[in-house]
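Report on the following structure.
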Amino acid sequence: MTFLARHRIILPVVSLAVLLAATFYMQPRAMSYFGLNLLFNLAVPIALATIAQMMIIMVNDIDLSLGAFVSLAACVTATFLNDAPMLGLLILLALILSYALLGAVIHALELPAIVVTLGMSFVWGGIALFILPSPGGAAPGWLRTLMTVKPPFAPMAVVAAVIIAAVTHLLIMRSGIGTVLRGVGGNARSVARAGWSVIRLKALAYGLAGLFGVLAGMALVGLATSADANIALRYTLLSIAGVILGGGEFTGGKVSPTGAVIGAFTLTLAASFLSFMRLSPDWQIGAQGAILILVLTARLIFRQKGSEA
Amino acid sequence: MNDHERAPLVSLTDAARYFGPVRALDGVTLSVAQGDCVGLVGHNGAGKSTLVNLVNGGLAPSSGTVGFATGGSALEAGVRSVFQELSLCPNLTVAENLRISHSALKGPNWRRPARAEIGQSLDTIFPGHGIDPNAEVDTLSIAERQMVEIAIGFAPRGSETRLVILDEPTSSLDAGIANQLLAHVSRFCASGGAVIFISHMLGEVFQVATRIVVLKDGKVVAERPVEDFTRQGLVDAMGHVTADTADATGTGRDFGTEVVRTDQGLTARKGEIVGLSGLAGHGQAAALARLYLSRSSAWRAGKAPEVVFVAGDRQRDGVLPLWSILRNISVSILPQGSRRGLVDREGEARVAQDWKTRIGIRTDDVANPILSLSGGNQQKVLFARALASSAPVVIMDDPMRGVDVGTKQDVYAMIRAEAARGRTFLWYSTETEEVCQCDRVFVFRNHEISAELTGSAITEEKILEASFEMQEAS
């Protein structure tokens with residue numbers, strides 16, 4: 001039993017380790033403070049976006065607007081937050097609240113989240129274009145400093161990953177409210193019967209997703225120093241893949257924050273790995289898909305073995 | 001009777017609840033005091049679940065009042081419910097499930113008290129249960145999940161548990177565990193708690209209840225102390241006359257050729273009703289599932305399937321929850337009824353209508369969603385699905401869970417009629433009464449067949465003997 005419970009996290013860890021070993025084998029110079037940071041710093045916003053997606057998947061929904069939302073948050077960060085910090089902060093706060101509201105509306109009207117979020121992705125995208133019609137803006141100085149900080153021993157990307165994983169693990173896996181939130185994904189009726197307001201819980205889950213989506217946008221601007229309305233569109237699918245790669249399930253409230261962070265890092269590393277292999281960029285997306293299928297197949301085999309035992 | 005000396009924990013006065021035109025509960029007056037163990041019986045759709053939902057505060061009455069002794073709400077009054085369909089969160093651990101309904105567990109280290117509380121509750125009710133509080137619920141068997149749910153129901157959860165509502169708590173438990181529960185219910189009531197006990201197993205109700213309330217069509221038709229009821233009188237009050245089961249039926253019949261033989265030694269002949277018995281979880285369901293999978297292809301559904309399966313775990317592998325009753329019935333016969341790959345809508349509707357009347361599904365329109373039916377009626381739909389197909393072998397995995405006495409009699413009759421027409425039934429059941437309907441019974445113990453009984457040898461004593469032999473030997 002203890003092994004069964006643990007091995008959901010073992011597979012993502014092994015996948016990352018294998019890929020990392022292969023990368024180091026092909027490009028030994030990556031095995032340094034500087035190399036690791038270069039490999040992984042763009043994984044930090046992806047990891048935050050993956051956590052955001054995980055919040056939604058945790059309550060049995062899926063968010064197809066995350067990429068557009070992160071782009072919008074990035075645009076706001078690069079313009080308003082830089083020029084008028086108070087106004088920028090208020091706008092970001094409003095974005096988070098609108099996400100929470102979205103969750104409440106989806107639950108109250110029993111709308112399919114996949115449709116609502118798909119529609120919302122155009123809304124977010126439109127607003128982002130409105131704010132920043134052409135690529136530009138600038139990262140606030142403090143954000144730039146934060147994202148390029150050089151902590152001792154381990155590069156920023158690794159430290160950030162550990163912090164993100166630890167905080168979200170405490171929040172989702174260990175805390176009481178996190179447990180109830182996962183319960184919503186497992187059996188919303190039983191949670192409602194125990195006296196909880198499911199609509200509030202869903203709003204909370206979506207609000208947390210909004211929060212991490214905004215953080216992802218800010219982190220991205222801190223690294224890229226400027227923004228663009230389409231800067232993070234591919235995050236939608238990357239974040240879903242990251243959650244699943246990290247041992248999460250689409251339904252049933254089975255998620256793992258640590259796994260999600262590892263999944264995001266694995267996906268980022270896979271892209272670099274394929275570049276090191278000198279694979280033509282035309283093939284890279286296909287090859288990334290192949291890696292994903294490989295990992296999921298391994299997981300399926302693991303699970304079947306587990307249920308036989 | 002000292003009812004007058006004790007303040008009622010909950011009292012309903014002329015409480016009614018309507019769902020549109022349906023009067024699910026039609027003016028019920030009932031009070032439950034400390035020390036009461038009220039047995040609530042009635043056939044499917046009599047309003048038991050609605051009554052439970054009024055008492056636990058899940059529904060507000062359409063008219064009349066529901067009053068609690070302490071505080072305004074059911075939660076504050078210490079009313080806890082254990083539901084018929086399993087309502088745990090399968091992705092959480094046992095201890096985490098306790099947290100869902102126990103908001104007083106706070107602080108950074110809430111897990112330890114949670115584990116201790118659920119562990120203690122399990123130990124008290126089911127000594128020797130062997131359930132790890134850290135186990136995720138979906139790794140537990142259905143009986144273990146039910147045990148956890150009951151333990152959460154009785155756990156103090158930061159306040160005092162005063163009234164526990166048990167809705168079909170023993171339907172997935174074997175006799176030994178069920179007896180542990182009944183003993184605990186008696187202890188709990190003796191120490192000043194109260195229980196509303198709903199069960200289709202009348203023996204249990206007689207064993208544990210101090211008072212029996214009979215519901216019929218949303219009304220209380222009888223309410224008396226348990227001593228004033230006889231088994232027959234109770235069944236009569238519920239409105240279904242149980243014909244005394246004629247065990248001998250069919251034993252003299254000739255059966256055809258052998259149609260089923262497995263490595264385990266499980267055999268069945270054409271037209272025979274073969275029972276699988278023994279304690280729950282001793283490999284009966286697995287044996288049936290293996291047999292079914294070996295006889296059906298995963299790749300293509302043939303025009304004439306060899307076997308069909310009636311699932312016992314409705315939620316998990318029976319009902320298609322988003323579909324109508326009609327679609328739920330016809331899904332098994334779509335390949336036969338289709339022409340050039342298109343569904344024959346009229347034929348489909350005809351079959352559904354036919355089975356609705358034959359098996360007595362309580363609905364005005366088969367186009368209604370399946371979830372509008374009560375549990376027992378959903379199960380009837382699953383029977384209809386299986387029997388509507390042309391398959392000569394029908395496999396049933398404890399299909400009568402939560403089905404009322406009257407429906408059971410209807411289904412027994414239908415099974416016997418179908419068997420007489422040459423169909424073979426393999427029937428796993430946790431209830432001895434059902435097993436006694438069979439022509440031949442295999443008793444399972446530790447995933448092996450420990451005895452084969454035929455005809456008049458099928459008795460409760462023989463089955464129990466074969467189920468428990470190991471314990472006597474050691």
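The first residue you see is number 1, and the count goes up from there.
Glycine is no exception: its Cβ is also placed from the backbone N, Cα and C atoms.
The feature transmembrane segment is assigned by TrEMBL to A:9-27 (among others). Remote same-chain residues near the transmembrane segment (A:9-27) are listed as 35, 39, 245-247, 256, 258-259, 262-263, 265-266, 269-270, 272-273, 276-277, 291, 295, 298-299, 302 (criterion: CB distance under 8 Å, separation of at least six residues from the stretch ends).
If you look at the transmembrane segment (A:33-52), the same-chain residues 6 or more away from its ends with a CB under 8 A from one of its CBs are 23, 27, 63, 66-67, 70, 147, 154-158, 160-161, 164, 168, 208-213, 215-217, 219-220, 223, 232, 235, 238-239, 242-243, 246, 257, 260-261, 263-265, 267-269, 272. Annotated transmembrane segment per TrEMBL: A:33-52 (among others), in sequence order.
What TrEMBL lists as transmembrane segment is A:64-81 (among others). Same-chain residues lying 6 or more positions outside the transmembrane segment (A:64-81) and placing a CB less than 8 Å from one of its CB atoms are 45, 49, 52-53, 56, 87-89, 91-92, 95, 99, 114, 117-125, 127-128, 131-132, 136-140, 143, 209-210, 213-214, 216-218, 220-221, 224, 226-237, 239.
Summarising the annotation, TrEMBL assigns transmembrane segment to A:87-106 (among others).
Marked as transmembrane segment by TrEMBL: A:113-133 (among others).
Note on the transmembrane segment (A:153-172): residues 33-34, 36-37, 39-41, 43-44, 47-48, 51, 54, 58, 147, 178, 181-182, 208, 219, 255, 257-258, 260-262, 265 of its chain, located 6 or more positions outside it, place their CB under 8 angstroms from a CB of the stretch. Feature annotation from TrEMBL assigns transmembrane segment to A:153-172 (among others).
Look at TrEMBL and you will find A:203-225 (among others) tagged as transmembrane segment. Taking Cβ pairs closer than 8 Å, the transmembrane segment (A:203-225) reaches residues 41-42, 44-46, 48-49, 51-53, 55-56, 58-59, 63, 66, 69-78, 81, 92, 95-104, 106-107, 137-139, 143-144, 146-148, 160, 171, 177, 181, 184, 231-232, 235 in its own chain, all 6 or more past its ends.
Remote same-chain residues near the transmembrane segment (A:231-248) are listed as 8-9, 11-12, 15, 45-47, 49-50, 52-54, 57, 62-68, 70-71, 74-75, 121, 125, 135, 216-217, 220, 224, 254-256, 258-264, 266-267, 292, 295-296, 299 (criterion: CB distance under 8 Å, separation of at least six residues from the stretch ends). Sequence annotations record features per position, and here TrEMBL assigns transmembrane segment to A:231-248 (among others).
For A:260-279 (among others), the entry in TrEMBL reads transmembrane segment. A Cβ distance under 8 Å defines the sequence-distant neighbours of the transmembrane segment (A:260-279), meaning residues of its chain 6+ beyond its ends; these are 12-13, 15-16, 19-20, 22-23, 26-27, 39-40, 42-43, 46-47, 49-51, 53-54, 161, 164-165, 168, 238-239, 241-248, 287-288, 291-292, 295.
What TrEMBL records for A:285-302 (among others) is transmembrane segment. Proximity of distant same-chain residues to the transmembrane segment (A:285-302), defined by a Cβ-Cβ separation under 8 Å and at least 6 residues beyond the stretch ends, is recorded for 7, 11-12, 15, 19, 241, 244-245, 247, 266-267, 270-271, 274, 279.
The list of residues near the transmembrane segment (A:87-106) in space but at least 6 beyond its ends in sequence, with Cβ under 8 angstroms from a Cβ of it, reads 59, 61, 69, 72-73, 76-77, 79-81, 113, 116-117, 120, 199-200, 202-207, 209-211, 213-214, 218.
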